Amino acid sequence: MAAAPSALLLLPPFPVLSTYRLQSRSRPSAPETDDSRVGGIMRGEKNYYFRGAAGDHGSCPTTTSPLASALLMPSEAVSSSWSESGGGLSGGDEEDTRLLQLLRTARDPSEAFQALQAALPRRGGRLGFPRRKEALYRALGRVLVEGGSDEKRLCLQLLSDVLRGQGEAGQLEEAFSLALLPQLVVSLREENPALRKDALQILHICLKRSPGEVLRTLIQQGLESTDARLRASTALLLPILLTTEDLLLGLDLTEVIISLARKLGDQETEEESETAFSALQQIGERLGQDRFQSYISRLPSALRRHYNRRLESQFGSQVPYYLELEASGFPEDPLPCAVTLSNSNLKFGIIPQELHSRLLDQEDYKNRTQAVEELKQVLGKFNPSSTPHSSLVGFISLLYNLLDDSNFKVVHGTLEVLHLLVIRLGEQVQQFLGPVIAASVKVLADNKLVIKQEYMKIFLKLMKEVGPQQVLCLLLEHLKHKHSRVREEVVNICICSLLTYPSEDFDLPKLSFDLAPALVDSKRRVRQAALEAFAVLASSMGSGKTSILFKAVDTVELQDNGDGVMNAVQARLARKTLPRLTEQGFVEYAVLMPSSAGGRSNHLAHGADTDWLLAGNRTQSAHCHCGDHVRDSMHIYGSYSPTICTRRVLSAGKGKNKLPWENEQPGIMGENQTSTSKDIEQFSTYDFIPSAKLKLSQGMPVNDDLCFSRKRVSRNLFQNSRDFNPDCLPLCAAGTTGTHQTNLSGKCAQLGFSQICGKTGSVGSDLQFLGTTSSHQEKVYASLNFGSKTQQTFGSQTECTSSNGQNPSPGAYILPSYPVSSPRTSPKHTSPLIISPKKSQDNSVNFSNSWPLKSFEGLSKPSPQKKLVSQKSSDPTGRNHGENSQEKPPVQLTPALVRSPSSRRGLNGTKPVPPIPRGISLLPDKADLSTVGHKKKEPDDIWKCEKDSLPIDLSELNFKDKDLDQEEMHSSLRSLRNSAAKKRAKLSGSTSDLESPDSAMKLDLTMDSPSLSSSPNINSYSESGVYSQESLTSSLSTTPQGKRIMSDIFPTFGSKPCPTRLSSAKKKISHIAEQSPSAGSSSNPQQISSFDFTTTKALSEDSVVVVGKGVFGSLSSAPATCSQSVISSVENGDTFSIKQSIEPPSGIYGRSVQQNISSYLDVENEKDAKVSISKSTYNKMRQKRKEEKELFHNKDCEKKEKNSWERMRHTGTEKMASESETPTGAISQYKERMPSVTHSPEIMDLSELRPFSKPEIALTEALRLLADEDWEKKIEGLNFIRCLAAFHSEILNTKLHETNFAVVQEVKNLRSGVSRAAVVCLSDLFTYLKKSMDQELDTTVKVLLHKAGESNTFIREDVDKALRAMVNNVTPARAVVSLINGGQRYYGRKMLFFMMCHPNFEKMLEKYVPSKDLPYIKDSVRNLQQKGLGEIPLDTPSAKGRRSHTGSVGNTRSSSVSRDAFNSAERAVTEVREVTRKSVPRNSLESAEYLKLITGLLNAKDFRDRINGIKQLLSDTENNQDLVVGNIVKIFDAFKSRLHDSNSKVNLVALETMHKMIPLLRDHLSPIINMLIPAIVDNNLNSKNPGIYAAATNVVQALSQHVDNYLLLQPFCTKAQFLNGKAKQDMTEKLADIVTELYQRKPHATEQKVLVVLWHLLGNMTNSGSLPGAGGNIRTATAKLSKALFAQMGQNLLNQAASQPPHIKKSLEELLDMTILNEL
């Protein structure tokens, strides 16, 4: 019976064939007696209780067996039999009389059952009623048929107790067998699993006592019943009754097996035959081969043939050991007994008994976890064809129960086992569809990402095997589940299936009516999911077939809460957007969930659908999703999806009557120009999930005709169903090589091309997810031009690229909103773009890749496959190139869909470099616009013009690795792209539309534009620092990503000396850069794949040079850039001069090729050499240049610092102390100009920070990136937070604690680059958030002070800057306390000690420190003045004190490393202070000795010594209070750790001692309140030890009584806001008590601090009163705080609540009403 509950829970639903209702008959001639009234209660007056006769139990058979008919007598007959058998109530004993009287007068049978149940113990477990027992049994049987669920449960419980009281000996009473056994068998078909279980347990007890009668009843009333549901239930549950113990009694199962075998020949009810055959299999497994064969041999020949035929069709040659039968009967000799024993040891025929027992071991979770792992291995060898149906059902039942396990690993492993089982079953899973879905539904409410991924795999596999409609039919039965999360996930799975499978696979009308009730669900999330589902349904139905959809909506709108749902659905459809699938298969909603009516993001337009969502109950939960991402803002089904995109796809349809997902017919533009932009606009980066169908493996040959085949692409890939064809989506490939190896595999090879539709914009646009592209190609120029509404891409005929890039790892980043540019292509490749004014702003996008060039001699000219949009070009003089306007491009400009992931970028071959067009502005002006034309002709000399180009010889750079890892190439070459890209974005403000940051740049292609006179330092740089003649008339713009400065790739960059290793001093740079995509939101701009330094005797028209810091720099001057006079008449071969008058944008760092400008004027042709830059190469270069770099660097440092140190030497100690905070101008200037030391490749400069257009989404993405294990992503996330702090501080403040915690964790990161980026991020947080960081000082300062002991100079330097920013911006009092608490106590006091030396220190305190904090600061200063700084602690020596800055080569001295230089001076100051301290009357030696003693005891390793120290401290506080008060900070700094000691005894003693000391010390505790409260509260109020919890509560209460409550206000507010569990409740209640006492004295401060906590509690509290992630019910505490504030503030509280989101005000009003009602 152990397995009975599990199997019962998974009974498949059987159809209700008929209903049965007992009809009452009346006898008018019979007078109504008391007994008949009892029957009347059970018959008529009990209709309220027994209305299940036609409802709950309407599936009873229409006709019953004769035995049942005889038993189910009218109630009058029952009552009369009671009267007759009793002979009157007076004839029974007194107890029977009382119970009978209760049955007469009870309002319902449940009271009678309870009375009978209570009487059982007094009767020794016996029922009594010796003369009325038969009538009683019949009445109970009537209840089992007619009664409601509760009555049946009570009746079965009573019968179970009675049978257990009678024991197992002896036969069943005849009355019991006749009256109750048939009704118990009928109960086996109950829908309620609990009732089935109880009935089965009673039958099991009866089977032991009267097996013959029970088996006969099971056959007659169950297996041979006219009710098909009852027959199936009996057959399914019968094997469960036949346990091993019962079989040992020698039960004769002949009739049972014959009855089951009869059903095998019934072909009309195949399902019933299958159930019967499964029952026989399970019985055979339990009987063993010998006994089962004996039963089968006794079957009639016809039945035996049916059985053998079924056996062969089911198992074929693989017959289980207990079914190994000959066709004509049985073998004479059974199989060896050993086989039987070994196989009988298998539970469910699958798993060993020992493993089964360990799976159910509730004592040791590790044992269960290991057992689940072993179960996976067992299932890997499992053959479903050799396992009986019933065994598999039992096995699924086991998995069903395991999914209830409290251990996550067990649940996750069980899901994996279930998934593996579904895979192994294949198409056979259809037989077990119900149980598998029932088990899977159990975990739908789980919000963990891995759980979501696992059950999505299960459902998708089920849909693949049996079709989506069958799965959804069973799944939608759970749409009324009590858990709203389950309901939401059910709808989401429906959306996923609709987006994955064609509409022909669904019954869309039925699906619409099934999903419609979710539209009026009480929960917002379910409503939103339903709206998204209806959008997909409308898409699947088409525009002309949506009437059924609206009929379904009409049906639910008529409900009580359905008013407005039709408007909501129509508004949702009018948005013309569809949800889509992410990489993991989760659903990403198109419309975000508005958190409140006033807090919607500006990108979400107000509408009836959003109002409908807001009308639902708020059920916000903790956001992990994403982080668990923030589901309210992200709405990615699965919440923790790394692919976050809030830009939704616009519809291609323009007609008013068209739905957003309708296909557009291809239009004709120009000559045979197919427009695909309408289709492509519907696609976005994550519409393309990784799939083997969309990847080309590495090494796949690509030829001229390579393109996607015409096959249907499921909707999870493309939002419209348009097929890809060679006309729309070709892969350009051809050239001199016959085949080409294209690298297209790797992780997350997402194919997105919403970016290539010709739109530009910021985060809100489709272009925000641009990445990098990769291909391998030699000797080919490639360029890309996107014309108006024309879908084009770049790529030559031997390359396969994508116009939008790939991030280095899965996911995409959201970048700040920057203006974007649209650089043109070369007139030698495409004639100048001429675009209409209307389309120019949105649709002119150009991408250019630059790859190194060897020579273009001999390269065949590719034939274009399409006509292209032409451009109008003009030379620098304004003369139009008419002959070029008809040219055709050398490459096909249509979208290429395949791209390789950035993580596997490589340089196995060089890549074509597009020449920059001459006479075309790379950044369009706002003035003139042109018209659209077409190219007619392609010049023959295009492929000959670069003939003379030769690369610069860089062979001496010693790059010996020719087969560099492709994965390394991507990240190292990113830096040049980013540094230039960010600078141009910074400079593009003059030409961007200031009114709309998301708008694209306006085009201007005429040379008469006023932009021609723009500053050279703006228009002289292409995106990667490329300088060309054309760039003299261009402006630049791009979107910066995390900064990667070239100085870390070429360590000699910057203003430092730049020795060259080039062999020839007579070289010219020809072309070494690459333009990034002109779209404005690239998380990782296109990478430069390689460099090619070429030389020419004279720069050609299309030649470019790299400029930037250090290009023509010298030892003594900052790098300069070329002005417009740099290049003069290079067309004629003239030499050019350099003008070093203009500073380039900071951060554009080029390669300093030569220090002498004249070396560029004489050029020789030399052998070309390509340089492939990668991570490994970059490290090698730095290694080889290390000595050289350090040599120049140290010389420069020493030269510049020499005067500084000398000036410092003559300055007074106080002046030196102040200067230690601010380095000299020379040092500062030097550090600013030394990017290799002060800037890492990933950290963005302050000047490069830009605002986000969607800061809420960016914040969520930043937290997700910080949680990623990839260190580069962590740095990206830190840069995001810096941007948010600079421009969106109000958004950042909403999650400041969570963000700060994440940043602090990265400060501890072992990778120095990440650690340093986190320190810089903290510095910016202090700078921009100012006093908002007060609450976070304890954690941030502690980690910064710890980090100050690092050996890396640059980290110490940044830590100093961060601490300086902290001191300058946060509340001074909090800063001082945090510094003292930060672990570096001596140095914290030392900083305050230095500040005291300032002559205006007290004035500054009074000016900047709030009056309420001023007394405490002055007390701290006074203590320092009296006692001095003290000696440096011997037990915690400073790491910096042991370090010598002169011993570290290449270190840049800063304030942190120059402390040793001040050492002697500081000691002098200390000695002066010590002299002052000696004048204090207290014996300083005694005080120091006492401190050493007491702190030694408090910090002792032995817990007994620590307890003695605590007791000693209490004794000293009582007897020598002055000594303790004089050293209170130092003493309690050691004592606070004992308040949360790991030893519970020490912890408890410390708390009790603290409780006693508080009344003694009282206000003397004020300097240490901020350190005490966290130590008292954080762990202790959540302690499971009742003693510790009570002691902590007493300490908090004592603090409230004896310490100024104003000092407690801020710490209590902080703890009430950020603690969780019981501690949060307690601190909130204490805060309410403080408000009551403090408000009259400090009203403004109380409101300022406490209201923040109240809004936090009200805003995050769910309907159940709990907080996400906090645990426990906070409603009562919140109500108390609300009441306290309302009592003090009155109506003003409600007025201030009106400025908060509506749900906060609503919650406040509800709580206030609740408290008022409670008082009444």
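Quick reminder: no glycine exception, Cβ is built from N, Cα and C everywhere.
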Region 'Disordered' per Swiss-Prot: which of the ranges 1067-1087, 1193-1213 is that?
1067-1087
State the non-local partners of the repeat 'HEAT 9' (1294-1331) in its own chain: residues 6+ outside its ends, Cβ under 8 Å from one of its Cβ atoms.
1240, 1242-1243, 1246, 1259, 1262-1263, 1266-1267, 1271, 1274-1275, 1277-1279, 1281-1282, 1285-1286, 1339-1340, 1343-1344, 1347, 1352, 1354-1355, 1358-1359, 1361-1362, 1365-1366, 1368-1371, 1618
When you scan the chain for residues with a C-beta under 8 Å from the repeat 'HEAT 13' (1567-1605), skipping those not six or more beyond its ends, what do you find?
1338, 1374, 1377, 1380-1381, 1416, 1419-1420, 1528-1529, 1532-1533, 1536-1537, 1539-1540, 1544, 1547-1548, 1551-1552, 1554-1555, 1558-1559, 1611-1612, 1615, 1619-1623, 1626-1627, 1630, 1633-1634, 1637-1638
Best-packed against the repeat 'HEAT 5' (390-427), counting Cβ pairs under 8 Å over 214-247, 467-504, 1485-1522, is stretch 214-247
DSSP helix/strand/coil residue counts for the repeat 'HEAT 12' (1526-1563):
34 helix, 0 strand, 4 coil
Averaged across the repeat 'HEAT 3' (251-289), what pLDDT does the model get? Just tell me the whole number, please.
81
